[in-house]
Structures are given as structure tokens and as C-alpha cells.
Amino acid sequence: MRAYNFCAGPAALPTAVLEKAQQELLDWQGKGLSIMEMSHRSADYVAVAEKAEADLRKLMNIPENYKVLFLQGGASLQFSAIPLNLLGKNNKADYIHTGIWSEKALKEAKRYGDINVVEAGIKVDGKFAISEQSEWNLSDDAAYVHYADNETIGGLQFAGVPDVKAPLVCDFSSSILSAPLDVSKFGLIYAGAQKNIGPAGLTIVIIRDDLLDQAKAEIPSILKYADQAKNGSMVNTPSTYAWYLSGLVFEWLLEQGGVDAIHKVNLEKAQLLYGYIDSSDFYNNPIAIPNRSIMNVPFTLADEALEKQFLKEAEENHLLNLAGHRSVGGMRASIYNAVPLEGVQALIRFMDDFAKRNG
């Protein structure tokens, strides 16, 4: 049987997608070869790539004045690529700091420009939260404002989209496609694929056309968004299999009814899990309710000494990858689009049984 996988990334993929990939692995659509063996310049592969982009545009209602790039190097490479591409004419940017991933982004950006750090992570009644925008010290002349919508490690998520004058740049790695989004509010959106899009090895960048000419002169051409846009994300050989698999995930999402439909399921999963944790004396979630992530749910046990036992027994019950990130400890259930409601129900049953036996 397939276990329920709560890994933060690389994360669960829909079973139907894996089955289709398995079916097509040796002989893609009667062509006598695997898509992994196919030239990225072939008409067949270009059609696969173009369909994946078209389906993503449909899922996210991406306006025509935005380019969609399928890149490599993970979201972490974009921590450098973004300032290199967007600070060519104005060397200043604002970075909103709410946790570990937004901190990694701003540390890289500081190597390339004058970065104003907006400290927005706060504590409210002992719980982690994000401060009101009225309290942020934003610059008047920033080239862009950067934030991470969902701090995957901390389980801290923005309750809405910040309203700023400068182009808004956002890391959506762990929340893309989980809820409806107005792409037109952003200058640039980026996301590593290995959480809600597909397997590791692919990074999506969605950039507004007017930002394609802002790059620093010395930027490597492989990192230059304008060059990638001009070459259909194929300045060099792309991650062909990851791109194909992501396309299958987009097809699957459309079959589920699109982002609106999957968002309803995601809310149900999150409400069930948080509801159980809040009703329990044995488990605790450290995040203020308005800023709780619907994708990454961290929690601690009443007795830290029981953590190893909890993880061992969870695995015996086919509930995998529930350990929190090494930097914060505790537990974390990542309940991305591909984690079914039944998986969350099974997790809650196990948590309840464990609490009764050890509380």
C-alpha cells in the first residue's frame, strides 16, 4: 500500500499522476522511447512543454502580459537571480522578514544591492504572527518589495497580499496552487516545484513583461529572465522530466475542478487538523490563528521526550515524514494538494490514540 506522505518537500504527488507516468515511462504515447530520452527541441517535447504552460496559465488565470518560465536551480537560485534581474536600474529593494526562508532570500539580495529589511515577524500572546502593514518601514523608492507568502518551516502564512506601490515579488514555493491568487497584483512570482507543482529540479517564475529589461549588465545569460523568455525557457537543456511531470499535475488539478475546488479541500484538511490540535491538551501549534499556514502545520507534544516514539509509531502506521525541520524541531504535517483528506483523518486518529496512551 502507498503510505500517507507529509514531507515538506520533495512532497507527495497525486497517485493518478504517478500511475500515468509509470504507464508512459518506457514508451511515451507509442513513440518507442521514454520522454526522459527525448530531445527537448523535438516537436513532441515542445508540445508537452507548451501544454504544461497553457494549463498553468488556465489554473492561475495568468494575464497575457506575464511570461511563465520553467527554470532550474530551485527557489534558492532565484534568491540571487531576482536582485540580478530587477536591480539593474534602481539598486534598492525592500525585503519583508518573517522567517527562515525570507531571511535566506534577503541575505543573498544584500550581495547585489541596498536592501531595506522590514521586520514583520512578531509574537502575539506567545504565538508567532505577522505584523500589520501599517507598522512596516517600507521605502519610497524601492525597485521591488519581496516577501515569502508561506514560511514552510515555521508554518507562518500571510493572511492577504500586501498592498504596496513598488512591484511585488513573492516566494510562493509552498503555497502556489493551494488557493486562488490574483497574479496581476504581482511583478514576479516564483516557486520551487517540489511541494505543490511536481518533483524537485524545476522552478517556476511568472514575471510581468515590463520587468524584463531591469537586469544588471553583468548577469549570466542563463539567469537572465529576458533571455529565458525569448528562448522558451530553453537557453540550455531544461529539466525535461520534471517539466513533463508537472504538466501531469496541472492536468490532474484541472480534473479536480481547478484551484477553487482544491482550495476547498485544503481548507477542510487544515481546519480538521488545527481543530484537533486546539482541542487537545497534548498537542500545541505555535502560530497565531490569522497567520496559520493551510499547507504546513507545525505542532509540539506535551512531552518532548516522546517525539522519537511518536515518529516511530507514526511510520508503523504508514504516516511518513512528520518530523519538524532540524532548525526548529517538533513535528510538522505538510498537507499539500496531493495529500488526501483521508490522510489527514488517518493522522488525527493516530495522534488521538497516541495522546490517550501517553498523556
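Cβ atoms here come from the backbone N, Cα and C positions, even for glycine.
Swiss-Prot has this to say about the protein:
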BINDING   R41  L-glutamate binding site
BINDING   A75, S76, W101, T152, D171, Q194, N236, T237  pyridoxal 5'-phosphate binding site
MOD_RES   K195  N6-(pyridoxal phosphate)lysine
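Comparing the recorded positions R41, K195 on other C-beta atoms within 10 angstroms of each C-beta gives the minimum for R41. A straight line from the CA of S76 (pyridoxal 5'-phosphate binding site) to the CA of the residue listed as 'L-glutamate binding site' spans 27 Å. The separation of the residue listed as 'L-glutamate binding site' from W101 (pyridoxal 5'-phosphate binding site), Cα to Cα, is 35 Å. On a Cα basis, K195 (N6-(pyridoxal phosphate)lysine) lies 10 Å away from T152 (pyridoxal 5'-phosphate binding site). For the pair K195 (N6-(pyridoxal phosphate)lysine) and the residue listed as 'L-glutamate binding site', the C-alpha distance works out to 27 angstrom. N236 (pyridoxal 5'-phosphate binding site) is surrounded by 11 other CB atoms, counting those within 10 A of its CB over all protein chains shown. Sparsest Cβ environment among the binding-site residues S76, T152, Q194, T237 (other Cβ atoms counted within 10 Å): T237. Classification of D171 (pyridoxal 5'-phosphate binding site) by DSSP places it within a strand.
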